[in-house]
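Structure first, commentary second.
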Amino acid sequence: MQKPNTNMPPVTKQKKTARLSNAEKSSFFARREAAKVLTSVLDGDARRQAAGSIKSLVFKPSVRNKKATFALVCQTLKCLPYIKEILESSDILNNKWKKQQALMYLITYDILFGQNVALVGDAEKFLQHKKDALLSALAQILVKNRVKNAKDLMALRSDVSKPRYVRVNTLKLNTKAAAAVFRKRHKVQKDDLVPDLLLLPPGTDLHDHQLVKNGSVLLQGKASSMVAVALDPKPGWEVLDACSAPGNKTVHLAALMRGEGKIIACELNKERVKRLECTIKQAGATNVEVLHGDFLKLSPVDPSYSKVRAILVDPSCSGSGTAVDRLDHLLPSYQTGHVDQGEMHRLSKLAAFQKMALEHALSFPGVERIVYSTCSIHQIENEDVINSVLPFAISRGFKLGTPFPQWTRRGLPVIEESEQLLRTDPVEDKEGFFIALFVRSISQSESLQEREIGNHQSAVVPCKISERKVEAVNKSRLRSSCFFPSISLKMSRVLLNPYFDVWNSKSGKYQH
């Protein structure tokens, strides 16, 4: 009798998956991809140090089945409190499976709340064998919440219904033509407040739509789209965007200016500069010049900025007003309005930077309009910042304007000028934004500009120009410790700001 061959190789995971149907393979791999995303999301949430939003993690190039992965992660997070309670009360996970917690959550969702998807794989088989225990634990939760079935239980944690906003990029396409394209498949409305903004039904997925891919439209929310409109730059103006990336508001400014004039888009972070350049190129905004450097180090009396008439200050903020859009409301830590000690420290640091950025913008002598905006719901980043800079703003000839006077939600009544500030509500408006507008008359800005530049020039003592290597751009540049009135505008920018790379959207190259 022939003995069995004990040296036969074990059945590998590749051979197992090779025998699966296409549907089974798709479910198997989507669940594993979702487990990686969910692990990253939950770890970041626990440490209050996110590796990225749910959307950004799902839409990475490495994730193959993006649609299935995104849906599975979101639905599992929505049911996560129930799933955790079920797994804890049933006590079915051994040490091996506890190490793969995210995968266990996803499979439990599919078994109890999903739509009979294919369940293949060792982890799936383990939980399938424990299905009775899972159902028993679910039954107890249904009784406790006074609902009849899992569908009713999920409805208790339903998503916030939010229209899909689409801003038409009028540099490439007019609003009427864009609306006609979308009406072929969707109900379309035009926003009553923001020009060139369309509303489509909630849940409309346009990420792969050709108009989105070619930059003819942008998936930009209403509150975000209100910011550039509040600044109201005119065609031919010169505008400074202080903290530009990712660039949606920058290219919106370009569209409002009809591609005329110039926008100087400032961004410090190297990776975010790449994102900014991509947005500008895709939108066809040829009047944008990217400045890779720190806005706070720009000299207000540099003649390169003497023609700047408007500044947008949209600085880094907590992002608390876009929690729903980023799907943060699905995370375990999400509590509306709650700020712990660690978060308060972070908010204080953000507010300090926000105040510096706004005061610096107010220092430019030729500027007539400044918009300060955040996507935050916190007073410390909004009304408190405005209140702290108001005396300085008034000393510079500025006063608060009233953006969108027909808008009913205004600032918190903690300062006298609260009615001139604008807020959008994260519940009622689906986003929590804050907008403040500073305005100054042309005559005031001109007289201030003449006085300050004159004072600066009279204080100059001639000195030699020395050559030094600037490591940030790996090139030798001329730098002077003083200002020469006779030099060209472009050269003066290099002399006064040697650490800046200037990127021109027309040529697609940096100018050193």
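Every residue, even glycine, has its Cβ placed from backbone N, Cα and C.
Positions annotated as active site, nucleophile by TrEMBL: C375. If you look up TrEMBL, you'll see C243, S244, A245, P246, G247, N248, K249, E267, D294, D314 marked as S-adenosyl-L-methionine binding site. Positions annotated as domain 'SAM-dependent MTase RsmB/NOP-type' by TrEMBL: 154-441. TrEMBL lists 1-24 with the feature region 'Disordered'.
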For the domain 'SAM-dependent MTase RsmB/NOP-type' (154-441), provide the mean pLDDT of the predicted model. 92
What count of other C-beta atoms do you get within 10 angstroms of the C-beta of C243 (S-adenosyl-L-methionine binding site), across all chains shown? 22
In Å, rounded, how far does the Cα of the residue listed as 'active site, nucleophile' sit from the Cα of G247 (S-adenosyl-L-methionine binding site)? 15
Rounding to the nearest whole angstrom, report the longest C-alpha distance spanning C243, S244, A245, P246, G247, N248, K249, E267, D294, D314, listed for S-adenosyl-L-methionine. 19
I'd like the Cβ neighbour count for the residue listed as 'active site, nucleophile', meaning other Cβ atoms within 10 Å of its Cβ, all protein chains included. 25
Count the other Cβ atoms sitting within 10 Å of the Cβ of K249 (S-adenosyl-L-methionine binding site), across every protein chain shown. 24
